[in-house]
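For reference, the structure discussed in these notes is given below.
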Amino acid sequence: MDRKQCCVKLSVHPSRGLVDEKFIVMVQKVPPGFQLTVHALYKCEDGHNWEAFGHYTADATGTVNVAEDPSLGGTYSGVEQMGLLWSLRPVPGSKPGLRMRKMNVQTPMEVTISVYEGHQTEGFTDQVPLASVLVERWYMAPGVRRVPITEGGLTATLFLPPGPGPFPGLLDLWGGGGKLVEYRASLLASHGFASMALDYLTSKITLETGKMVGNEYFETAYRVLQQHPQILGSRIAMLGLSFGTSITLKMAAYSKVVKLRCAVCISGSHVQPVDGSVEQVMSFFNENSQKTRINEDNEVIWRDLLLPIPTDPTLKVDVGRLQCPLLMVVGDDDQNWPAHDSAVDIKEMMEQAGNSHLLTVLSYPNAGHLIEPPYTPHARASKFRTVTTGTSIMVMCLWGGETVAHSRAQEDAWKKILVFLRENLYGGGAASISNL
């Protein structure tokens, strides 16, 4: 194409939005039938570059609409409105085992969307694009407040939605990697839930004393939410992923302090010594380490550690005691944890106990372990630093999942999680939520 004769128009709407909000990418003013590549580039906070791209052919009006037109190849194919985000992958030459995670939620993801002539697959940095647009994707909506929490020895961050409140509260627990991970809690606050991200494996008190926290740590976090002047103390939920599910189910079933309005458990299990502390539960998992498998790519598979699901009632949470609605999200190709088998057993236990009406299970074929907010790139395997008693080990962990199916699962599950939380925390009434 002669650049003097063509002034390609590229637009992205909205160019600034929440990470779970769809955008429309339009290319205009190219010749009819023109072959082009729409490319996305994101530089992660750790310095690694990620890219995605689709191949398109302009219609008779010289237009490509990514939301309506099929990609003919690239990192995704077919009509995929958000393929430029969910199919992001490390650029060629990157080190193996990367996983994209936003650590500073007070800044946006800045994604550069560009158009290149022809159907390109490599060498994008060596070419001059026909047009480019910078897109901002935020976890924090305007007006969301980020409040570090240290009272009661907690290592936590509370995100308050815009406005005076009061808002329902949510305690957000990640899994066995530890650290204070804020992006899901900040996104939930953007949807009207006062959400506290809690570090419970690598907390300040653990680093200072060398001792893992006890169950009272979670009760302290619950009380902080309950007593906050902008939080509805009788409308609090817990959401856990992976090992966070173990804590969530234990608190919901046995705590005399934690009285939940509802609970969400993603990719987890009820199998654990029910009288055990966090440290004892971790030790229980480690005792079964001989069941660890390693595949031909030297990736660690842990899903067998808790299999077969025990029949001993002292080794699994008595979910028959649950008195609040429970939403379980399960990837059927989870290679990290026996989430599917656990969900089947939980359903049977609750049916026998007469409280199965409280249970909803979302099961997704070909989805893996890391079911995250929508359009998060799928990591089938990544490097993972385990947090165990006194040691820290880096392994290449197999999470499972097939990229397209996993991405579909993330989008569907997130929508249903938000509906579940709204129904149970707002009593069926939708919140007034500010959008970007």
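Cβ atoms here come from the backbone N, Cα and C positions, even for glycine.
If you look up TrEMBL, you'll see Ser242 (among others) marked as active site, charge relay system. Listed in sequence order, Trp174, Gly175, Gly176, Ile266, Ser267, Gly268, Asn336, Trp337, His369 are the same-chain residues at least 6 apart in sequence whose CB falls under 8 Å from the CB of Ser242 (active site, charge relay system).
If you look up TrEMBL, you'll see Asp334 (among others) marked as active site, charge relay system. Sequence-distant neighbours of Asp334 (active site, charge relay system) (same chain, six or more apart, CB under 8 Å from its CB) are Ser267, Arg303, His340, Ala367, Gly368, His369, Trp399, Gly400, Gly401, listed in sequence order.
According to TrEMBL, the feature active site, charge relay system maps to His369 (among others).
Residues or ranges marked as domain 'BAAT/Acyl-CoA thioester hydrolase C-terminal' in TrEMBL: 216-426.
Counting every protein chain shown, 28 other Cβ atoms lie within 10 Å of the Cβ of His369 (active site, charge relay system).
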